[in-house]
Structure formats: structure tokens, C-alpha cells
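The annotation active site, proton acceptor is assigned in Swiss-Prot to GLU20 on the grounds of sequence analysis. For GLY86, ILE160, MET181, GLU182, the entry in Swiss-Prot reads substrate binding site. Residues annotated as active site, proton donor in Swiss-Prot, with sequence analysis given as evidence: ASP205.
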Amino acid sequence: MKKEIKKNYRIGIIAALQQEVQILFNKLKNYKINKISNITFYIGNIHNIHVVLAKSGVGKVFSGITCALLLQKYKVKFIINIGSAGSLNKNLKPGSIIIPTNVCYHDVNLTAFGYSIGQIKNCPKTFLSNTLMLKLTEKYLFENKIKYQKKLMISGDIFIDTCEKKSLLKKRFPKAIAVDMEAAAIAHVCYQFNIPILIIKSISDSSDINAADNFKYFINLASKNSSLVTINVLQTLFKNTKNILFDNNNRC
């Protein structure tokens, strides 16, 4: 007998680009496609897990809107952000996996009012990934001998493509290992709505003068690696959904 899909446990998965959602889309069964304000949502199931896969578009505003729609319209129980990121760490090469423990904005500065660089008023210095979800993902990566790093990742509406920009970020955020354009905004929305988040990214470039060319060359590799880890982690996460929902450390 076919196992029933438990639709009460919808998982929202967000990526910015078509390349970043394509592999998961190819795995979707019994899917339908919706478009809201030029944001594409793919509703279906992967390995009998009910998911809403969203292609947000690039940047903080698009990704934030997408996350809010997933939470309000599609009533997802938790969010996974996947896709590519630029490296700020010499040990992270194209294709490397990162699962950030926390994220913040690199293009926010309210230090004149006593806040830390990257901190929004009435919010913490960084937004945290869900502890249990991180542990389950780490367990999968460790058991399958997949190398990864997990520290701070920073986000902003800037593609980092010079050594000067990279050096400035490393100076301002010495603990950051990678940079993208969406994760902090998605985590911010999850934080406001008290929804847990997991971020699974793969490196596409080194955030330097060759970043644009390397991004074009390695985006498919980064998308593939991020997606394959996500697909394999989904089943583990689903088994622990109830625990995850009660282990939320993402509240303002």
C-alpha cells in the first residue's frame, strides 16, 4: 500500500536561481506550479515528503517576500535555504558544502545607534540556524564522509567580485566563511515568524576578481551539491519534524 503523504508537515525550500532549484524540481512527484508576483512555487512531494519549492529571484527583498509567502500562504512548518555562495575562506573551494550556524547582513550599519555591524534594530546580532536541524545534517554529512564547514555566513545585495570588497568583509566579519545575497533575509523572516531554518549552501566562487566567471562555470556544481545534500537530509529531518518544531531558537 502506498504510504500516505503527511501534508501537515510542509517543508519550504528556497533558492534564488533556476539552476539552484532544478535538481529538486526534477525529483518532485505529483507537483503543480503556482506563480505569485513573478515568484515561482512548485508544490509536490519528494520521497513522500510534502514540500513547496520556491525560486525567489536574487537578493534580500525577493527572498524575504518568498519566505513570507511560504509561511503565510503555504503554511510551511520550516524552511530550508539552498543554493550557492561565495567563499571567504581559503579552504572552501567550488563545490564545498557549508551549513552556516548563523547569518547576518553585511550591508546593514546601525552602529551609530549602538548596534553591532550587520544588526537590525530589535533583532539579535545574527540569526541562528535551528540547532536540531544542524545536528541532523551534520550527522548525515559525517556518516557519508562529506566535508563541510559551519560558521557565520553573511548576506547583502552585492555580488562580491574584487579582492578589496572581500578584504573589507573579512575585516568587518572575521568569523564569516562565506557570503551570499539571500540567506540573512530568509532567516530574518523565519525569526520574526518563529519558524526554524536550515541553510545548505555550496561554494560557487572565491569572491574575488574571477568571481563572475567562476560563478558561471561552477554554479551547476554548487547547485548539484547543495541539492543532493538537501534531498538526502530531507528524510532524516522529516523523521524528527515534531522535535524540530519544538526546538526553535529563532525568536526575536
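Placement of Cβ uses the backbone N, Cα and C atoms for every residue, glycine included.
A quick note: this is a predicted structure, and the numbers were derived from the prediction, not measured.
Here the features listed in Swiss-Prot are placed on the structure.
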residue : record                       : contacts (Cβ under 8 Å, 6+ apart)
GLU20   : active site, proton acceptor : LYS55, ILE82, GLY83, SER84, ILE219, ALA222, SER223, SER226, SER227
GLY86   : substrate binding site       : PHE159, ILE160, ALA178, VAL179, ASP180, ILE203, SER204, ASP205, SER206, SER207, ALA211, PHE215
MET181  : substrate binding site       : ALA16, VAL58, GLY59, LYS60, SER63, SER155, GLY156, ASP157, ILE158, PHE159
GLU182  : substrate binding site       : ILE14, ALA16, SER56, VAL58, GLY59, LYS60, PHE62, SER63, ASN81, GLY83, SER155
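In this structure, GLY86 (substrate binding site) is part of a beta strand by DSSP.
Within 8 A of the CB centroid of the substrate site residues GLY86, ILE160, MET181, GLU182, the other residues of that chain are ALA85, SER155, GLY156, ILE158, PHE159, VAL179, ASP180.
The record assigns GLY86, ILE160, MET181, GLU182 to the substrate site; their largest pairwise CA distance measures 13 Å. Around the Cβ of the residue listed as 'active site, proton donor', 26 further Cβ atoms fall within 10 Å across all displayed protein chains. Annotation note: the residue listed as 'active site, proton donor' sits in a strand segment as assigned by DSSP.
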